[in-house]
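K.L.:
In case it helps, TrEMBL gives these features for our protein:
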type: TRANSMEM; residues: 12-31; note: transmembrane segment
type: TRANSMEM; residues: 78-101; note: transmembrane segment
type: TRANSMEM; residues: 121-143; note: transmembrane segment
type: TRANSMEM; residues: 163-181; note: transmembrane segment
type: TRANSMEM; residues: 193-213; note: transmembrane segment
type: TRANSMEM; residues: 242-265; note: transmembrane segment
type: TRANSMEM; residues: 285-312; note: transmembrane segment
type: TRANSMEM; residues: 324-351; note: transmembrane segment
type: TRANSMEM; residues: 357-378; note: transmembrane segment
Amino acid sequence: MEITSTLFTAKAIYVGIIFAITLGVAAYSTYFERIIAAFMQDRVGPDRAGPFGILQPLADAVKMFMKEDFIPANSNKWLFIAGPCLSMLTALMTSAVVPFGDQLDLGDGIILDLQGIDVNIGILWVFGIVSLGVYGVLIGGWASNNKYSLIGAIRAASQNISYELAMGLSIIAILMLSGSLSTKSIVETQQNGHWNILYQPLGFVIFLVCAFAECNRTPFDLPECETELIGGYHTEYSSMKLGFYLFSEYINMFISGAVMATLYFGGYDYLFNDYVAQISWLGEYAYNVSALLGLVVLIVKALIFVFIFMWVRWTLPRFRYDQLMGLGWTGLIPLAMFNVVLTGASMLFTVNDGGSNWMTVGASWAGVIIMLVVTFAYSEMKYKKKKLATA
């Protein structure tokens with residue numbers, strides 16, 4: 001009973017730490033996005049709130065709390081409140097199955113997994129919770145009693161449904177390689193540098209593009225584009241309700257980065273993992289130090305993806321709606337299906353003909369090169385045909 005109580009307390013502390021890290025990263029993502037935007041635009045970023053502007057997230061929070069909490073007339077009050085709350089809740093719940101590290105030995109036979117819940121359907125959990133997130137947007141847009149908000153919410157729903165199909169197909173190839181739906185098992189199959197990015201470069205690119213669409217980030221921010229819909233489903237929101245929507249977007253960016261690191265970049269694996277676990281002068285703490293370093297490594301990998309999200313926002317223009325849907329249905333889904341077929345064929349060749357894993361790597365990258373050549377040739381042909389038609 002005492003061991004169970006200690007383990008429960010340790011798990012509760014771990015979950016609290018992960019939530020604190022997630023919320024802290026989301027809060028300071030707003031600050032670093034302004035820094036990156038200022039650098040891209042050759043101007044001075046936030047530098048008023050505290051030294052170097054590091055208290056800017058606190059100033060933003062105070063501003064949000066001080067704004068008037070406005071609820072539009074003839075709106076559905078309870079659903080109007082529930083929308084941003086649901087978006088925030090689903091954003092936080094996704095991190096439950098992400099393995100942020102290996103295991104910690106707490107002594108007396110108590111082993112703590114650095115993962116919220118280790119279920120054998122972790123990938124399905126991620127997809128299920130991510131799919132629920134769009135309900136927060138839909139509910140908020142409909143309950144606002146505003147046509148612009150409703151159009152933005154419908155755009156978000158159609159966009160998420162379209163890109164979830166391609167994302168799911170890209171992950172099927174990962175499941176074929178790992179043989180498991182468990183995120184922990186997927187990480188364990190990538191230990192010692194055998195990262196899935198080597199075997200699934202095309203799948204990773206598809207997943208990355210879909211992650212931009214799922215997070216409603218530029219160039220896929222059609223649900224909230226100011227030039228067409230004022231603010232989309234954000235239009236009628238203010239105070240902390242608006243803050244919840246914005247905050248959930250940054251949480252989704254961080255969790256998306258953690259999921260991509262887990263699926264394609266070894267998760268908490270790093271190059272000198274085994275060496276750290278065997279350092280003699282660390283004694284019995286060597287394994288725990290190695291596990292904690294893995295936690296730091298995964299967070300760093302996720303932050304790199306957060307930077308990519310921000311970098312793309314300030315360098316690429318927004319798609320038109322027809323371009324966005326066309327890319328999802330006629331571009332990414334066929335590519336994802338091709339990737340599944342290519343992965344199955346390379347695995348079949350490796351097993352039946354006694355090939356090595358490097359043959360799978362070669363086949364995957366050859367497939368990527370072929371698809372790039374075909375896509376470029378088709379684009380050139382289409383451009384020349386259009387040019388001749390307008391000449």
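Yeah, the Cβs are placed from backbone N, Cα and C, and that goes for glycine too.
Give me the local environment of each listed feature.
P.N.:
If you look at the transmembrane segment (12-31), the same-chain residues 6 or more away from its ends with a CB under 8 A from one of its CBs are 46, 53-54, 56-57, 60-61, 92, 95, 100, 112, 114, 116, 246-247, 250-251, 253-255, 299, 302-303, 306, 310.
Through the fold, the transmembrane segment (78-101) approaches residues 18-19, 22, 71-72, 113-119, 122, 125-126, 129-130, 132-133, 135-144, 183-184, 187, 233, 236-237, 241-242, 244-245, 247-248, 251-252, 255, 258-259, 262, 267-268, 291-292, 294-295, 298-299 of its own chain, all at least 6 residues removed from its boundaries and within a Cβ separation under 8 Å.
Counting same-chain residues at least six beyond the ends of the transmembrane segment (163-181), those with a Cβ under 8 angstroms from any Cβ of the stretch are 120-124, 127, 130-131, 189, 196, 199-200, 203-204, 206-207, 209-211, 213-214, 220, 263-264, 328, 332-333, 335-337, 339-340, 343-344, 347.
Distant neighbours of the transmembrane segment (193-213): 159-160, 162-164, 166-167, 169-171, 173-174, 177-178, 186, 219-220, 256, 259-260, 263-266, 269, 271, 308-309, 312, 324, 327-328, 332, 335-336, 338-339, 342-343, 357, 360-361, 364-365, 367-368, 371; these residues of the same chain sit at least 6 beyond its ends, with a Cβ under 8 Å from one of its Cβ atoms.
The list of residues near the transmembrane segment (242-265) in space but at least 6 beyond its ends in sequence, with Cβ under 8 angstroms from a Cβ of it, reads 22-23, 25-27, 29-30, 61, 64, 83-85, 87-88, 90-92, 94-95, 98-100, 126, 133, 136, 140, 171, 174, 183, 186-187, 190, 195-197, 200, 203-204, 207-208, 211, 214-217, 233-234, 298-299, 301-306, 309.
Distant neighbours of the transmembrane segment (324-351): 158-159, 162-163, 165-166, 169-170, 172-173, 176-177, 199-200, 202-203, 206, 209-210, 213, 220, 222, 357, 359-360, 363-364, 367, 371; these residues of the same chain sit at least 6 beyond its ends, with a Cβ under 8 Å from one of its Cβ atoms.
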K.L.:
With a Cβ cut-off under 8 Å, give me the same-chain residues at least six positions beyond the ends of the transmembrane segment (121-143) that come close to it.
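P.N.:
Result: 75-77, 79-80, 82-91, 93-94, 96-97, 149-154, 156-157, 160-161, 164, 167-168, 171, 175, 181-184, 186, 214, 223, 232-233, 237, 245, 248, 252, 259.
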